[in-house]
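Participant: The structure follows.
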Amino acid sequence: MQTLSRLTGAAYGVHVSDQVALVSVPLIAALVLDASAAAIGLLVACQSMAHLVGSIPFGILVDSTQQRTLTIVACLTTLVGSAMAVIAILRESLVFFGAAMTLAGFGVVLFGLAALSIVPKIAARDGLARANAAIEVPRATASFIVPLLIGLSFTSVAPVVIFLGSAAASVMALAFAIALPTVDMQPAARTGVLKRIIEGGAFVLGHRLLLPISICAICWNLAFAALLVVLVPVIHQVYLMDPGVFGVGLSAFGLAAICGTTVMRHLSDRLAPNLLLLFGPGSSALASLGLVLIPAHSTPLVFYACMFLLGFGPSMWLVTQNSVRQLVTPADRLGRVNAVIQTAIYGIRPLGALLGGLVADTYGPQAGLGVVMVAFLMSFLAAALSDLREIRSYGTLSAAEDYAEDAAR
């Protein structure tokens, strides 16, 4: 079995386990553990907090520790978190359940950072985008299939069985991770932790490609977080559609992500990176415009089409920008660079949710949707007005050349 296939197998297990947690936590907390709305919000925040708290220290570890070992530790962490969740449900302990979900979240964060640093070491330059697409397919597939299965089975299956399934997925991930070979590691510089963190952030801020990628991602995630908040009142009060349309729309978004990553897996070498780096945020801006223009009593198919477009283009953009990051970043900084960008992305999401809710509550859902459209447009402009539009081939990118060029500036 090829190394990439093993890493992809581990990714399936980790992301299935993660999606089980994301979808099941509010349901189990409310219906089984009798949690209040505030407690449910705290549980969801704990899951997101793993990304904010764990990304930077894990990024440093990824740059200095054998990445196969970290992948195994990540899968083992998700397994322990799932097992703790089973115990928490049986004991009906809300606090223990929250601790379990937080621990599992740390495992997901560590796995994602380690995998992004392993891929450029096991894939050739001309196959890097296909390799990145291969490890993104599990995330997209899990985000579509798992919520659907849980939604159909939650009332007929004991909650503990759901997390036994999560634990089984983690066992599968661990088996694939153990089968990974060791990867080449560059000797880590013996510098202080704070200095290494600053180096990662400075590298992103001073890089002609990484900075616009970061701004584009931050604006996009701000917009998407706001969209999730305003979408239900928009559907109910503006479109005058059944609220159930929201769930189907998210399924269309998930299906689009599967389609986008699948296209990248098979056709990435035929598609110019600059077109994909513009198409992702550009299609999002177009989709948000479509959402603004949907009239009352319209067919839900128009809404589903907009949500599909919102998922399709960005999934292709994600694979492309991951490849660009890996090519222009020195191997000994890749973990920290990915961690800095990921921290910024997850840090902006709560602000996006607050902004969307505040505007919608003060000026109405339609105004909230307008804010979403502006943020998506800013995401597109961040890419369109930068050097990202000049990347016609991955072969033109070099970590050493870009690093020397940026340092000279």
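Using the three backbone atoms N, Cα and C, a Cβ is placed for every residue, glycine included.
Annotations for this protein, taken from TrEMBL, read as follows:
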TRANSMEM  12-33  transmembrane segment
TRANSMEM  69-90  transmembrane segment
TRANSMEM  96-119  transmembrane segment
TRANSMEM  168-188  transmembrane segment
TRANSMEM  209-232  transmembrane segment
TRANSMEM  244-263  transmembrane segment
TRANSMEM  275-295  transmembrane segment
TRANSMEM  301-319  transmembrane segment
TRANSMEM  339-360  transmembrane segment
TRANSMEM  366-385  transmembrane segment
Participant: Any residues 6+ beyond the ends of the transmembrane segment (168-188) with a Cβ under 8 Å from its own?
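Facilitator: 1, 3, 6-7, 9-14, 16-17, 20, 63-68, 71-72, 74-76, 78-79, 81-82, 111, 118, 121-122, 331-332.
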Participant: Count, for each of 12-33, 69-90, 96-119, 275-295, 301-319, the Cβ pairs lying under 8 Å from the transmembrane segment (339-360), and report the range with the highest count.
Facilitator: 96-119
Participant: Residues sitting near the transmembrane segment (96-119): Cβ under 8 Å, six or more positions beyond its termini, same chain?
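Facilitator: Residues 4, 7, 10-11, 14-15, 17-18, 21, 25, 28-29, 33, 42-43, 46-51, 54-55, 58-59, 61-63, 67-68, 70-71, 73-85, 87-89, 128, 131-132, 135, 173, 180, 183, 322, 325-326, 331, 334-335, 338-339, 342 contact the transmembrane segment (96-119) from elsewhere in the chain.
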Participant: Is the transmembrane segment (69-90) packed against any residues at least 6 beyond its ends, judged by a Cβ distance under 8 Å, and which are they?
Facilitator: 7, 10, 13-14, 17-18, 20-21, 28, 32-33, 58, 61-62, 96-97, 99-108, 110-111, 114-115, 118, 159-160, 163-164, 166-167, 169-171, 173-174, 176-178, 180
